[in-house]
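Asks: Take a look at this one; I'll ask things after.
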Amino acid sequence: MDDDMESGSLLMGSYLDRPRTFPNMKSKPYTPLIFRILMGINMRVLLVLLLLGLGAVFYIGASTSPIIVFVLCICILSFLFSIYLTKWVLAKDEGPPEMIQISDAIRDGAEGFFRTQYGTISKMAVLLAIVILCIYLFRSTTPQQESSGIGSATSAYITVAAFLIGALCSGIAGYVGMWVSVRANVRVSSAARRSAREALQIAVRAGGFSAIVVVGMAVIGVAILYATFYVLLGVDTPGSMKVTDLPLLLVGYGFGASFVALFAQLGGGIYTKAADVGADLVGKVEQGIPEDDPRNPAVIADLVGDNVGDCAARGADLFESIAAEIISAMILGGTMAHRCKIEDPSGFILFPLVVHSFDLVVSSVGILSVRGVRDSGAKSAIEDPMAILQKGYSITIFLAIVTFGVSTRWLLYTEQAPSAWVNFALCGLVGIITAYVFVWISKYYTDYKYEPVRTLALSSSTGHGTNIIAGISLGLESTALPVVVISIAIVSAFWLGHTSGLVDESGNPTGGLFGTAIATMGMLSTAAYVLTMDMFGPIADNAGGIVEMSNQPESVREITDLLDAVGNTTKATTKGFAIGSAALASFLLFSAYMDEVSSFAQIPFQQVDIAIPEVFIGGLLGSMLIFLFSAWACSAVGRTAQEVVNEVRRQFIERPGIMDYREKPDYGRCVAIVASASLREMIKPGALAIVSPIVIGVLFRILGHLTGHPLLGAKVVAAFLMFATVSGILMALFLNTAGGAWDNAKKFIETGALGGKGSDSHKAAVTGDTVGDPFKDTAGPSIHVLIKMLATITLVMAPIFL
């Protein structure tokens, strides 16, 4: 940065007329350790090692099941497709030097924070792994484990290994999400100078790369872990573990993914919204300057936050969602196959892996369906980006329905119930329809084309208070339809599975829960395309910031504003989609928890009676956790934003030349403040989420031991989990929708409605957007990670509650 400009000694001329320079946010180039090691290896040696690794993986897969080989092939092909998308995006030009400098500053800040944040998370993960190891070494084992020769030590090492692998893969998923977004943003900005359609295509393909890698890693990670355990433990050989019990060993993988996703979402969410709120309160409200004005010292921190909060965190979040759903469905498939005495249960266990493999295929087709104009140099009319994305989603859904039917006939056909596969295919259709309806509901409540957001914008014309009241009421109202949809989906899928014809030895129908699991798979069968739409949002947001800061023509800003508004809607729809899938996945994991408790205690555990005072208290504590967690997450944003506000005000006072472009703001100072504060603030709510179920379970276990109720601890934890899930779903729906609606109400006014930018209505809408920021990007997304993590942690820790 120019020292003369920094000191303000150059009073002549505007720095807008001079070459732009932005601070370097890192002291040295950053590349993750694993990539540095790989890059240090000779290319030929690396190629040989890669081929040997692939050979070993396929050998283990072939020793397990042909289905695993099929899954591995699809995943590897999808990774090759993602490489193609990367090369296509990176081949696009980065625009003029001023755009590149802004993009470099954003990338430096994002990578620096990622390194520090994930360094902290990795230390906590290692510490938790040691705790899990100690617990498992001294816990009891189930009769099934004893009969198969798996002792406490083997079980402990397997669980800890799975936990660490899940955490590592989740971290890589987060890094991939951030890596692509900080390189695609400037290319979208550059393309917006030529065509809205080209900018849209670049943003979609960049998001598609991240989505394909995240989903592919979740699938291949579970597949390799399953096949490795299958071979090492000699599964299904005389005197060894049954294949139907094997999925329970994968629970640690889901817990590791949940652990990293929770802290990534918390830390990233606090970072992005503290910077956003701080920048808005001083810049837009007090100084009356545009959102991404280069005079605002917090603007770089705000743009960095879009990457670490929306891209890196969402990548880890969706990775965790898919991993948890796959593992819970495998557990339930194995349990049902065991009860029904199905001769070859592998189809029922591996079905989730095949469904998500097809997800990679159909979502790739959907991504490629979003195409640019033939003549990229020609100025074309601005089309509705949402309609283009919706068309790609419709194509993906149609193909998902077809491949789901093929998968059920291939893997779920059994002579014991020849028509069962039809019922299960219908369960998948229920899930796919549920996902589509969830996306539509979220769009209805957050897109300014529809009445709810326009009504919210209209309320801004009468002041700040009425805007806040209208936004809160809209968020509360938006919980109704999703809950009705989830309820219908669970009941429909359970009934279809229950009537599939599969029965146990006593003649009792057993397919109900597995039907619900298949509906969850159906809901997530287009996850890669939905994640693509989500990643599109922050990339478009960053592109708009780069366009504003590099002083591009208004016509270019119009294009990026349009993409940004659509991105707000796609982010909101993805959050609604994630909440719905979290609700169904948590229901499955809750059932798996009850089964595991029964296995360890050798006592039937099929229902939770909340009329028992201790159990009711457990439920109250579960609901309380959601509210306390949300409060701590929002207050963390508030405290950090206060630090940003004070710093920005200080710079405006001490450097009066900033406002007339005679002095440059100190962007790096705001980045440093937000980074350190967000890392500090994420610990308390994260620790609360991890420690609460363990402490409650152990305390009530001791009380149950003293009063002669051996299952009291497990029952209280079950109620805790049940109430936390229900409260969490409602709270997350409220927070996400209200925040998204406030944001797009502001965007609607900025299109010129109700007085446009700078009007009293706009100022009130900015206040609503500021209130909604921690709702939709910190507390809301963290809650649906939280409820899945609670489900996995109770499953992993179940033995200590007995």
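Just so it is clear, glycine is given a Cβ too, placed from its N, Cα and C backbone atoms.
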Asks: Of 510-531, 774-795, which range does TrEMBL call transmembrane segment?
Replies: 510-531
Asks: Could you check whether the transmembrane segment (246-264) packs against the transmembrane segment (510-531) - three or more CB pairs closer than 8 Å, residues at least 6 apart in sequence?
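Replies: By the criterion, they do not touch.
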Asks: Could you check if the transmembrane segment (393-413) is in contact with the transmembrane segment (121-138), meaning 3+ Cβ pairs under 8 Å among residue pairs at least 6 apart in sequence?
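Replies: Answer no, regions not in contact.
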Asks: Report, as numbers and ranges, which residues of the same chain sit near the transmembrane segment (121-138): CB under 8 Å and 6 or more residues beyond its ends.
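Replies: Sequence-distant neighbours of the transmembrane segment (121-138): 152-153, 155-157, 159-160, 163-164, 167, 171, 252, 256, 259-260, 263-264, 267, 690, 796-797, 799-800.
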Asks: Flag the pair the transmembrane segment (67-90) / the transmembrane segment (202-226) as in contact if three or more Cβ pairs fall under 8 Å (sequence separation 6 or more).
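Replies: Between the transmembrane segment (67-90) and the transmembrane segment (202-226), contact is present.
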